[in-house]
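Encoded as C-alpha cells, the structure appears first; notes follow it.
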Amino acid sequence: AWYVPCLASLETLQELCRKENLRCKSIGITNRNLKSYEVEYLCDYKVEEGTEYYLVKWKGWPESSNTWEPQKNLKCPLLLQNFLSDKNEYLSRVRDGKALKVRNHVKALKPAVADYIVKKAKQRIALQRWKEELNRKKNHKAMILVENTVDLEGPPLDFYYINEYKPAPGINVINGITTGCECADCPAEKCCPKEAGFILAYNKRKKLKIQPGLPIYECNSFCRCGPDCPNRIVQKGTPYSLCIFRTNNGRGWGVKTLQKIKTNSFVMEYVGEVITSEEAERRGQLYDNQGNTYLFDLDYDSDEFTVDAARYGNVSHFVNHSCDPNLQVFNVFIDNLDLRLPRIALFSTRTIKAGEELTFDYQMKGSIDLTSDSADGLSPSRKRIRTVCKCGAVCCRGYLN
C-alpha cells in the first residue's frame, strides 16, 4: 500500500470531521466529544440592548460554526484579556504622528479592528504550537520560548528543527572512530585533547580557557569516562533557556537568553545541512536574491564543506549578526576527527545578562588563528551582494559582508 503524509493540521481534520458529523478516534473525534465546544479565540464584539456579545471561534469547529455569545457565558478570562489587549494595541497605534483615541464604550468594532484581532489570535496559536514542536524535537533540557510583540509574522514556513548535522548524500559526518581515552578521571596524560596534540579546552569550572582559533577535542562515545566528565560540554547541548523573538528594527527573528550567562560558557551549537562547497556556491546565488544566507564554511583545515542552516537548523538559525558580538565560534571534534568536518560551537565572550540578545560576527574577525596564512579562517561563505548591517553597534562596519 502507498502512504502519503497528510499536510492538513490536526485542527483542520477535526473541523472537517465535525462539519461532516464524522467520528475518527485517531484524531480525537469520538462520540463523547463530537459535539463538545471549547473557545479557541474571540473574533469580534458588539453590544445589543445593553448586553455585550463576543463572536466565538470554537476549537475543532470550522469558522462557519462561529457564534455570538453573551459575555456571561464565557469562562475564558485569559482569552478575554488577549482580546481586549489586541484591540487596544491596534487602536492605540500611531497614525500620521497622532495616536488614535481608545474608546471604551463602543457598540461594535470596525471590521479592520476585528480582522487584526483574529490575525493576532491565529498568530498566537501558531507560535504556541511552534514552541511546543521545538521543545519536542530538542535534545537538551533547557527550554525554547517564542515571542512576537512586534508584528503579525508567524513561524517560518520552510524551517525544520534538527539537533545535529544533516549530511548531504555522500558526506559522512561520523568517521567511525572506535577508540577513546582510558581516563578514570579526565583529564589525564593521555586524554583526548593531548592525544590530538592540544591542551584541554576547559577549566575546572567547565569554562573555556583556550584562545580563539584553537580546536576543542572532547571525549567521545568510546571513552571510559562517564557523562559527568569535565571534557563533555558541547555534546550535552545548550544548558540555557533561550527565546526566539521578533526584533523591532527590521532584523527579523533573533535569539535572547532567559538566564545569565557567564564569560567563556558554551551557549549553543551551529548546525544545518552539510553540503559541498560547490553546492554552497549554487545555493549562494539563490540566497543572494533573498538578501540573506545561512551558509557557513567549514574551513578549519580545508574548504571542501559548508553548513547550510537555511531550511534545517536549531536555535542558532535565528541568531543575528553584530559587529560587537557576545558569542565566539570554536571548532569542536568529538566522534568525528575529520579536520574537514568540525562541529561549530558558540561560546560567550563576556557576561551576558538575562534578556540580552545573543549575536556573533558573521565575518568572524578574531575567531581565527592569526598565525594562519588564511584571513578567512572561519568566515561564512562569501556573498556576492553587500548587505547593510543593522546591528547598531558603535563599531558597526556598515555591512554584513
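Keep in mind that glycine also has a Cβ here, set from the backbone N, Cα and C atoms.
In TrEMBL, annotation is done automatically, which means it is predicted and not curated.
Model, not experiment: these values are computed from the prediction.
Listed in sequence order, A188, K190, C191, C192, E195, C219, C223, R224, C225 are the same-chain residues six or more apart from C181 (Zn(2+) 2 binding site) with CB atoms under 8 A from its CB. Annotation source TrEMBL lists Zn(2+) 2 binding site at C181, C192, C219, C223.
The Zn(2+) 1 binding site feature in TrEMBL is assigned to C181, C183, C186, C191.
Marked as Zn(2+) 3 binding site by TrEMBL: C186, C219, C225, C229. All protein chains shown were included, and the count of other CB atoms within 10 Å of the CB of C186 (Zn(2+) 1 binding site) stands at 22.
Taken from TrEMBL, the feature S-adenosyl-L-methionine binding site applies to R251, G252, W253, N320, H321, Y362, K390.
Here TrEMBL flags C323, C389, C391, C396 as Zn(2+) 4 binding site. In sequence order, H321, C323, C396, R397, G398, Y399, L400 are the residues of the chain that are 6 or more apart from C389 (Zn(2+) 4 binding site) and have a CB within less than 8 Å of its CB.
The domain 'Chromo' (37-95): residue composition by secondary structure is 21 helix, 24 strand, 14 coil, according to DSSP. Feature annotation from TrEMBL assigns domain 'Chromo' to 37-95.
According to TrEMBL, the domain 'SET' annotation covers 240-363.
Residues annotated as domain 'Post-SET' in TrEMBL: 385-401. Long-range contacts of the domain 'Post-SET' (385-401) within the same chain: residues 249-251, 288, 291-292, 320-324, 359, 362-363, each at least 6 residues beyond the stretch ends and with a Cβ under 8 Å from a Cβ of the stretch.
For K390 (S-adenosyl-L-methionine binding site), the spatially nearest entry among the binding-site residues C183, C186, C229 is C229, judged by CA separation. For W253 (S-adenosyl-L-methionine binding site), the nearest of the binding-site residues by C-alpha distance turns out to be C391; the candidates were C183, C186, C229, C391. Put simply, C229 (Zn(2+) 3 binding site) is 38 Å from C391 (Zn(2+) 4 binding site) when counted between their Cα atoms. If you take the Cα of R251 (S-adenosyl-L-methionine binding site) and the Cα of C183 (Zn(2+) 1 binding site), they are about 47 angstrom apart, rounded to a whole number. For the domain 'Post-SET' (385-401), the model's pLDDT averages out at 80.
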